[in-house]
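Q: I grabbed these lines from TrEMBL:
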BINDING   H200, H261, H333, H547  Fe cation binding site
Amino acid sequence: MYFFSFCSAPHNELLTEFYRTETFIEHPAGGYKRIFESCEELAEPIPAHVTGVIPAWLNGSLLRLGPGLFEIGDEPFYHLFDGQALMHKFDLKNGKVTYYRRFLRTDAYVRAMTEKRIVITEFGTTAYPDPCKNIFSRFFTYFQGIEVTDNCLVNVYPIGEDFYACTETNFITKVNPDTLETVKKVDLCNYLSINGATAHPHIEQDGTVYNIGNCFGKNMSLAYNIIKIPPAQKGKSDPIEKSKVVVQFPSSERFKPSYVHSFGKTENYFVFIETPIKINLLKFLSLWSIMGTNYMDCFETNDKMGTWFHLATKHPGEYIDYKFRTSTFSVFHHINCYEDQGFIVVDLCTWKGYDFVYNYLYLANLKQNWEEVKKAAMRAPQPEVRRYVLPLDIYREEPGKNLISLSYTTATAVLRSDGTIWLEPEVLFSAPRQAFEFPQINYSKYSGKDYTFAYGLGLNHFIPDRICKLNVKSKETWVWDKPDSYPSEPLFVQNPDAQNEDDGVLLTIVVNPGASKHPAYLLILNARDLTEIARAEVDVIIPVTLHGMYKA
């Protein structure tokens, strides 16, 4: 559909007028298919051609992760989250830029390269026993148990003084951020009672890392654990060795945990959203070993439960047994949460209904011709940016009355006779088949605090084709886009002399497959108005990246 901007600056007036025509960029040429193609790693960093002037204070590295190998020999990977992990790095120093990339030497990658086939089952691709083995060897291979992938293609974050690539399993991979060398594989199960962890931890100013993962407790009870990894201490042991569980959230079903991609954290609370997208553990444990299956095969939906919000205090970690309920949606990315006057404000990138969005991210779908891509997206859940508000005092009003008294939101919460608190959201952004996703904020200053601006990757029928800025208070939006250009998640880097929340830049990798030269570039945007400051162009295609970080 379109994004609106009601800003008074001249360039934003023009932008507003353009989007008021209710048009958006179409992609009939199918250039987006190139971002889902395999590439080779680089032997050494290559210089980028810089246009514009890179801010003098911007000296660091942009680290990104995503799939870079979409097939092994004649065997294709089927899902977007299956391709082998490729780490990218743009180094910025004194106005000059270099680009480098390397595949992570995970077990999944090394064994696939050695055996020239897919050896370990990925998110949506099943690995089968070696066809060269005899029938008895292949039969017994199925009963050797579940081999969990260590293909850490989703994100990278710091723990202490080290950096780890991650996916959503129990394995994280230590990497050297300078050389992109794979250092070692770490199994979080050796230190914590979790079966896996999200790729979206929260990191505090002192380096403390919080994350969430599901686990089996006493009597095979299922729960979700918030874990804490302390900051590094000089001369002390690896912080991971000091990890601990802070608090536990209960599960609505015993053998069916909800899929968890991220969670919320304020200064004093954790927010966990339990969605109807479920992992059937019995299917996972049985079919995986007996028939050969993958993670996607084990998802199902509970179309009757709706969506549940859970709260816990941070210090000390205690679960708050309030039954917050709302209509069905799924969520992958939290934008931000904060406390205000006895309420917790929760801003989310949601998808309406109980259909699993990942069902639409198979590579065969994403690489179709544009008209077919649009048809598939029309069947998918509708994206929407929403604000929910949770009252900390659920008895401040009589049952049946709105508990929310914040003047700036239309979100409501009503205590019902059965003890549940029914939540209705305020919609911050919505446009048909146009998602505001992969959200970022000025995290170092405003994570867990009242804030104004969010930045996101615009998905046009699941194809990433714009960078967006959203004022969550006024609902104004700004957009950067170019024909046949496909950006990645925008990362905010604050100006060290910042006076305002949006004083800084956005860093994103843009692929322009139709360009005669320089088909990809690092784009630097002014975070205030999304005008271009500079770009660093390279002569290689860069495949899709998922998440990453800026290392100063």
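In case you wondered, yes, glycine gets a Cβ from its N, Cα and C as well.
TrEMBL labels come from automatic prediction, so no person has curated them.
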Q: Using the Cβ centroid of H200, H261, H333, H547 as the reference point for the Fe cation site, which residues of the same chain not in that list have Cβ within 8 Å?
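A: Counting only non-site residues, the set is V154, N155, T198, A199, S262, F332, H334, F438.
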Q: Could you check the binding-site residues H261, H333, H547 and say which one's CB has the most other CB atoms within 10 Å?
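A: It comes out as H547.
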Q: By a simple count, how many Cβ atoms lie within 10 Å of the Cβ of H200 (Fe cation binding site), its own Cβ left out?
A: 20
